[in-house]
Amino acid sequence: RAMGRWGTRAWQELLVLLGGLWMWGSSAQPTPPGPTRSSVPPLKFRLAGYPRKHNEGRIEVFYNEEWGTICDDDFTLANAQVLCRQLGFVGATGWAHSAKYGKGVGRIWLDNVNCAGSEKSIRDCKHRGWGNSDCSHEEDAGVICKDERIPGFKDSNVIETEQSHVEEVRLRAVVSGARRRLPVTEGIVEVRYKDGWAQICDEGWDSKNSHVVCGMMGFPTEKKVNRNFYKRLKRAVRTKGRNTRPGGRLASKSQPKQKRREDVGPRKRLFAERQQLNYRLHSVSCTGTEVHISMCTFQFYRGNASAACSTGMPAVVSCLPGPLFATSSAQKKKQRQQQQGQPRIRLKGGAKAGEGRVEVLKNNEWGTICDDRWNLLSASVVCRELGFGSAKEALTGARMGQGTGPIHLNEVQCLGTEKSLWNCPSKNITQEDCKHTEDAAVRCNIPYMGYENLIRLSGGRSRFEGRVEVAVGAGDGDEPRWGLVCGEGWGTLEAMVACRQLGLGFANHGLQIRLAGGRTEFEGRVEVKRGSKWGTVCSDGWTTKEAMVACRQLGLGYSLHAVTETWYWDASNVTEMVLSGVKCAGHELSLSHCQHHGSSLSCRNTGTRFAAGVICSETASDLLLHAPLVQETAYIEDRPLHMLYCAAEENCLSSSARHANWPYGHRRLLRFSSQIHNNGRADFRPKAGRHSWVWHECHRHYHSMDIFTHYDILTPNGTKVAEGHKASFCLEDTECEEDVAKRYECANFGEQGITVGCWDLYRHDIDCQWIDITDVKPGNYILQVVINPNFEVAESDFTNNAMKCNCKYDGHRIWVHSCHIGDALSEEASKRFEQYPGQLNNQIS
């Protein structure tokens, strides 16, 4: 009985304990299953961005001790409902995509969020996992919440009506000439505040702060500023109206010339400042490794800041541009001298300047970096080493496509102060550690050049396609200035025309118009800007390379198609052709950097229906040939002519075959297998659709691309002695990587292409999978295979489309060795390859 009483009491205590646990669990915020509830830190949320009200903005989440954003992919109103409730509002009325409230900084914590709408926490919604995203900050999501708080809601999330963190920063040039030239490398540091801009007090400002700001502006490093010169700016503001005459000089006309020079400086002239300085930040202190000034410590001026920074002046920064953006010939010459020898780091596969997969040169061979522990500090070292600013994003998971060859480095851990990635600690890689699916990449800050303002698309069904229109008349790097309109003769009719143009938002013969200084958007001083006019581009010679440059300049990624007839797109009010003869290498930042005819146009068809157009895409394929397989499978076959009728019909034999004694005799063929991988981020599809494929009766198949691959035998000096080509009679997924499903097959007139992560195998025993070497004399040669040689289909990287091998032919046998992708070796190793003296025997060392 004693045991029974004890057991009853024990059960009662146990039930009470379980009940308490149940009540505690039901009152806690739901979280995914874990070892304990207390091990999951609470999430914090905030609204950020501009322009916005207190109940709307970019949604940011505090996770793992770091603020980050949410990508807008698959975002819905149900997601916004959950997030608004966590912010303390009763619900959501809408959401915003494409960084409507400005781009955030740091991590993108969530992607592909899928809520039902009833969840208590965003943790309970489906998503790709914390920190697993394929987005950029251009896709940051925002929410619009109902302006009604949940009764009794208590939370640490404070919905700020006063801005409490820094987002956008700019350099405002105040020196004559610098205001019109891009990039702006020197000026006053200003931060976005409400609908305007505010300055930073320079008390305590040092070179580390400048280093951070220059990195944000896209420059690798800072240089010393002449502060005495800018002190005159502060005096100019204080004495505004007393001794400042129109034009901005700080002396009266009667002053001696020498005295005016002392005030103004030998070759610089200040613009008269027309607004009072408005300080918002002070006591900024950076370590120099931050990628954004918001990560530094600083303080806000609160309330009336009219007496702020009484002993200081606006913070001024001067930056040194990288080689790609250097404007003066002296800067370019100095940087060329500093960059002696081949760089040991490069970016590959990116659509824009300053982004791509990071590749490093080690043991004369280019290779990639594994993304273990890859972060913004290491990415910033890479960006600055390459002549860009600090890193916007450190990308993992082969976000810029998979590389090929070795993976040289793993667990790179930079402090952020290093001059080169090679100074950072890292681990050597082993085959088991990483795969190319984990290749690290970066997006760097680059200087604002204004190139995107000189090009636009019209008539397309989406912003990614249309007829290309360019602005001519203003030089690159020049920013046309706004000016006033004389009031003499200004009447109701002129005002009507101005209002009509403002409403339509078009530029009339290069004249742009805006209102300034009014109380509302419907009134104000009329300002105009002249200096450029819009026109179309001639489509003669318009290819994928030119379209690549256009899409890059537009900021729309890669070129999917170069369009030479645009009659099916809606016509715009622009009908004049202003650019012809455009010929690009493919790497230029603007169409104006490509060769073109200049002011004297030459075009066969000048009508808008034959104007150049583009279809752009955020992703692209990237084809590579598996070089070792070519080396392993190469052999010679003497094939009888009576078995080559179909091959001759498809032009797969050398020209001398026409004069052969058909059907007698034979042709000597160098045969090999080719395995073509798609390592990009989009499927490789033929340029033409199925409706235009050509049927070849002899081989009984369709050709989706007339020339898919070139095969050449070259002498060491590059002279072609034999050639072959392969039409893409069948582009399909022969095999794929693990967890990748096949999508394309040629059977039954199926869709053709190569899926990302798959490869297409052309076996050595297929017709035309050869080079006709019947007329080639014995000697040492280079075997070259080029995929997509005419750039008919867009790729993220054309520099890796060629493969080369050394080969020795003695008239009876052939030895093929040292096969490699064209850009896989160092310059030194490539020279050794091209100067290969030849083999004395068949032993390959």
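Counting begins at 1 with the first residue displayed.
The backbone N, Cα and C atoms fix where each Cβ goes, glycine too.
The shown structure was predicted, so the numbers you read here are calculated from the model rather than taken from an experiment.
Residues or ranges marked as signal peptide by TrEMBL: 1-28.
According to TrEMBL, the feature domain 'SRCR' maps to 45-146 (among others).
According to TrEMBL, the feature disulfide bond maps to Cys71-Cys135 (among others).
As annotated by TrEMBL, disulfide bond applies to Cys84-Cys145 (among others). Within 10 Å of the Cβ of Cys84 (disulfide bond) there are 25 other Cβ atoms, across all protein chains.
Feature annotation from TrEMBL assigns disulfide bond to Cys115-Cys125 (among others). Within the same chain, the residues at least 6 positions away from Cys115 (disulfide bond) whose Cβ sits under 8 Å from its Cβ are Thr76, Ala78, Asn79, Gln81, Val82, Ile122, Asp124, Cys125, Lys126, listed in sequence order.
The annotation domain 'SRCR' is assigned in TrEMBL to 171-320 (among others).
Residues annotated as region 'Disordered' in TrEMBL: 236-268 (among others).
Other C-beta atoms found within 10 angstroms of the C-beta of Cys286 (disulfide bond) number 21, with every protein chain shown included. For Cys286-Cys296 (among others), the entry in TrEMBL reads disulfide bond.
Here TrEMBL flags 330-353 (among others) as region 'Disordered'.
What TrEMBL records for 345-445 (among others) is domain 'SRCR'. Mean pLDDT for the domain 'SRCR' (345-445) in the predicted structure: 91.
The Cβ neighbour count for Cys434 (disulfide bond), using a 10 Å radius and every protein chain shown, is 20. What TrEMBL lists as disulfide bond is Cys370-Cys434 (among others).
Proximity of Cys444 (disulfide bond) to non-local residues of its own chain (separation of 6 or more, Cβ distance below 8 Å) is seen for Gly218, Gly354, Glu355, Ala379, Val382, Cys383, Leu386, Phe388, Gly389, Ser390, Ala391, Lys392, given in sequence order. Here TrEMBL flags Cys383-Cys444 (among others) as disulfide bond.
Residues or ranges marked as disulfide bond by TrEMBL: Cys414-Cys424 (among others). Cβ neighbours of Cys414 (disulfide bond) (same chain, under 8 Å, six or more residues apart in sequence): Leu377, Ser378, Ser380, Val381, Leu421, Asn423, Cys424.
As annotated by TrEMBL, domain 'SRCR' applies to 455-505 (among others).
Residues or ranges marked as domain 'SRCR' in TrEMBL: 513-617 (among others).
With a 10 A radius on its CB, Cys594 (disulfide bond) counts 18 other CB atoms from all the protein chains. Residues annotated as disulfide bond in TrEMBL: Cys584-Cys594 (among others).
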Problem set entry | Entry from the disulfide-bonded residues list Cys125, Cys145 having the most other CB atoms no farther than 10 A | Cys145
Exercise. Among the disulfide-bonded residues listed here, Cys135, Cys383, which has the most company in the form of other Cβ atoms within 10 Å of its Cβ?
Worked result: Cys383
Exercise. If one measures from the C-alpha of Cys434 (disulfide bond) to the C-alpha of Cys296 (disulfide bond), what distance in angstrom results, rounded to a whole number?
Worked result: 34
Problem set entry | Euclidean distance between Cα atoms of Cys135 (disulfide bond) and Cys84 (disulfide bond), Å | 22
Exercise. What's the CA to CA span in angstrom from Cys71 (disulfide bond) over to Cys286 (disulfide bond)?
Worked result: 29
Seminar exercise, completed: Cα-Cα, Cys594 (disulfide bond) versus Cys135 (disulfide bond), nearest Å, comes out at 31
Exercise. Counting only other Cβ atoms and using a 10 Å cut-off, which of the disulfide-bonded residues Cys71, Cys296, Cys370, Cys584 scores lowest?
Worked result: Cys296
